[in-house]
Amino acid sequence: MNTVVTLPTEQAPQTLENVGRFDRPLIIILDFGSQYSELIARRIRETQVYSEVLSYRTTSEQLRQLNPKGIILSGGPSSVYGDNAPHCDPEIWNLGIPVLGVCYGMQLMVNQLGGEVAKADRGEYGKASLYIDDPTDLLTNVEDGTTMWMSHGDSVTQMPSGFELLAHTENTPCAAIADHERKLYGVQFHPEVVHSIGGIALIRNFVYHICDCEPTWTTAAFVEEAIREIRTRVGEKRVLLALSGGVDSSTLAFLLYKAIGEQLTCVFIDQGFMRKYEPERLVKLFQEQFHIPVEYVNARDRFLAKVAGVTDPEEKRRRIGHEFINVFEETSKRLGHFDYLAQGTLYPDVIESADTNADPQTGERVAVKIKSHHNVGGLPKDLRFKLVEPLRKLFKDEVRKVGRSIGLPEEIVQRQPFPGPGLAIRILGEVTSERLNILRDADLIVRQEINQRGMYHDFWQAFAVLLPIRSVGVMGDQRTYAYPIVLRIVTSEDGMTADWARVPYDVLEVISTRIVNEVKGVNRVVYDITSKPPGTIEWE
């Protein structure tokens, strides 16, 4: 789980606010609390047009200054007639900028422009067939009867003046509407979700045909602009980066090294909770193959001592996080003066902290929050850097594309998510050297068998968990009393929800047989068939 901590500074930290933005077509998504707002932005970027998510409180004047080619109003959990329902600035309709309202966004548009919205006689949730009344404009190349995803309890009962009906469903008379003259559009369904078969075509129609955008948001353009901006900002100063081996920090290291070379120093803190052979492979890869300087810090004994006797998972995270800060502080001081701290902040982190990071007078970020792969409390007060955050406009899938384009090896680009506290939270209960060794060996077998069959990219995550109990078994003619290992293999698009993977029985059999026979201290292997929700992907 990613968490954030506040970085104390003497002045407002400097960030690369405009990396990846510059002078290109922009689509703004105003967020009304929808779980899909980020997904809308991702879908637009997949069409090679840049998009950003902003609060529904953004004023029409602020939008005018941003000069977007189009505006999308997201869905949300509220009813437009609710006492505390969020409302946008009504002057938005007069900007002359195309607007697309999605679900709640459509209802809000109708409500503010003089139409009527009421509680539906029957809510509509899940898949629905969309019947097209006007196949032009927004619905060009969207097939009649195509599937769209519905999730609403209110419906439009009367369109505002100037609007026409574009489409309906069996239970929703006004499923898509438009005021063609003012370029105002509304859809009651969610075109951004994967279940909406014609959704991508609709989004492309809005972005390209209605908003008249050009495909300028490309990986190559981002890399070129990011490198130029890094060089301009950093100059001849030194930059420090905490390298974890994940795709975010590795891509950041590659990008920075291309921009400023040996002005970059990477610090890799080996806390002893990584998978088998991983620390050695990572350091060798960066130092010998990529020739990027890495300061390796072996702090295994320190971290193990910090979690000795601890069984509560949150306390384990807290102690690991605090010790990481201590080691990082000591290392940075030993290596000399650095002006900048490179931070692998991604766009979802920016969205989550947007309301707390803006100065009410200027709109500038004044209290930057630092993403950490540990559950940490805060950096030391005398550890002061300016920030370099070149990836802060990117989603995870875009980071992978950037990493691949600048030469990051596929084993890192496609690395499955791995928690910051590492194996310490895949060992339930107390972490000991014995348990770490057992879990490392079992986890290695899982990864070997998955990789050998070319199945690694089929899963969001595939790993082993060690339970702090003993089970009875029989090996040879003797009874055993040893640990059980849990296999956790899931499929997912983004980690927010997940399903247990239907791994072939013969693969599970090989994994189980190898673990029981090759890993001393294990006599039982079980398979976790719990989805998320109700369970989580990790066990702690």
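Just so it is clear, glycine is given a Cβ too, placed from its N, Cα and C backbone atoms.
Summarised as a single figure, the pLDDT of the domain 'Glutamine amidotransferase type-1' (26-216) averages 92. According to Swiss-Prot, the domain 'Glutamine amidotransferase type-1' annotation covers 26-216.
Annotated active site, nucleophile per Swiss-Prot: Cys103, in sequence order. DSSP classifies Cys103 (active site, nucleophile) as coil under the three-state reduction.
Its Cβ placed at the centre, His190 (active site) has 23 other Cβ atoms within 10 Å. Annotation source Swiss-Prot lists active site at His190 (among others).
The active site feature in Swiss-Prot is assigned to Glu192 (among others); the stated evidence is sequence analysis. Glu192 (active site) counts 26 other C-beta atoms within 10 Å of its own C-beta, drawing on all protein chains shown.
Residues or ranges marked as domain 'GMPS ATP-PPase' in Swiss-Prot (evidence: sequence analysis): 217-415.
DSSP assigns Asp248 (ATP binding site) to a helix. If you look up Swiss-Prot, you'll see Ser244, Gly245, Gly246, Val247, Asp248, Ser249, Ser250 marked as ATP binding site, on the strength of sequence analysis.
Ranking the active-site residues Cys103, His190, Glu192 by the distance of their Cα atoms from the Cα of Gly246 (ATP binding site) places Glu192 first.
Within 8 Å of the centroid defined by the CB atoms of Ser244, Gly245, Gly246, Val247, Asp248, Ser249, Ser250, the record's ATP site, lie the Cβ atoms of Leu243, Thr251, Leu252, Gly344, Ile412, Arg415, excluding the listed residues themselves. Taking a C-beta cut-off of under 8 Å and a sequence gap of six or more, Asp248 (ATP binding site) has these contacts in its own chain: Gly344, Leu346, Leu391, Lys396, Val399. Neighbour density for Ser244 (ATP binding site): within 10 A of its CB lie 20 other CB atoms from the protein chains shown.
Among the listed binding-site residues, namely Ser249, Ser250, the Cβ with the most fellow Cβ atoms inside 10 Å is that of Ser250. Across the structure, Gly245 (ATP binding site) and Glu192 (active site) place their CA atoms 32 angstrom apart. Under 8 Å, Cβ to Cβ, and six or more positions away along its own chain, Cys103 (active site, nucleophile) finds Ser34, Ser74, Gly75, Gly76, Ser151, His152, Val187, Gln188, Phe189, His190.
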